[in-house]
Amino acid sequence: MGKIYDWFEERLEIQAIADDIISKYVPPHVNIFYCLGGITLTCFLIQVATGFAMTFYYRPTVAEAFASVQYIMTDVNFGWLIRSVHRWSASMMVLMMILHVFRVYLTGGFKKPRELTWVTGVILAVLTVSFGVTGYSLPWDQIGYWAVKIVTGVPDAIPIIGAPIVELLRGSVSVGQTTLTRFYSLHTFVLPLLTAVFMLMHFLMIRKQGISGPL
């Protein structure tokens, strides 16, 4: 085992990376409220794991979506637990994100030189809400259907460009299979990818600039 570690150490300098992480200075004013961002990240990772597990059984069609969710809940081993954890961690992620934003704002973490960190955080907040909107529709029950119909119909009030935006979101004039397909693609591929990219940027900037000082 030692020889394997030495082989990787010689090429990747693992110990130097570990020492840099461990030796990072943590200001004395940091308290439990500074952990809210990390908790949000943990919830996201739980979402990815449980969501990936459900993709093996979920069917993104208007005819089979609801039945496939019921199948996950009743027939798949621990399916009820996986979906429940997915839902609970989704709610927790939104709550922790909101509390994290308040903490950063109240402690002045958005001020120079951390403006870009704040911008990426706001983008992540928008992506988090988008997860909720797209995921809500996937069971394709009455609540999900009407939620999608209302949300995608909001831009219709915008003059000139409203109707094209609605059609872009729905995939057609009305809510149907193309809408579910688009929301499924957004929820399982586009949004996770964007979130991972912006989270990486967010944490790299925090790593570079450090945690903001007390007010």
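Glycine too: its Cβ is placed from the backbone N, Cα and C atoms.
Taken from Swiss-Prot as is:
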type	residues	note
TRANSMEM	32-52	transmembrane segment
BINDING	Cys35	heme c binding site
BINDING	His86, His187	heme b 2 binding site
TRANSMEM	90-110	transmembrane segment
BINDING	His100, His202	heme b 1 binding site
TRANSMEM	116-136	transmembrane segment
TRANSMEM	186-206	transmembrane segment
- [ ] Anything within 10 Å of the residue listed as 'heme c binding site'? Look among the binding-site residues His86, His100, His187, His202, comparing CA atoms, and list what you find.
- [x] His100
- [ ] Return the residue, from the listed binding-site residues His86, His100, with the maximum count of other C-beta atoms within 10 angstroms of its C-beta.
- [x] His100
Task: Chain-internal residues, separated by at least six, CB under 8 A from His202 (heme b 1 binding site) - done: Thr117, Thr120, Gly121, Leu124
Open item on the list: Six or more residues beyond either end and a Cβ under 8 Å away: which residues meet both conditions relative to the transmembrane segment (116-136)?
Closed with: 40, 47, 90, 93-94, 97, 100-101, 104, 109-110, 143-144, 147-148, 151, 183-184, 186-187, 191, 194-195, 198-199, 201-202, 205-206, 209
- [ ] Name, in the order they occur in the sequence, the residues of the same chain whose CB lies under 8 A from the CB of His187 (heme b 2 binding site) and which sit 6 or more residues away.
- [x] Gly51, Phe131, Thr134, Gly135, Leu138
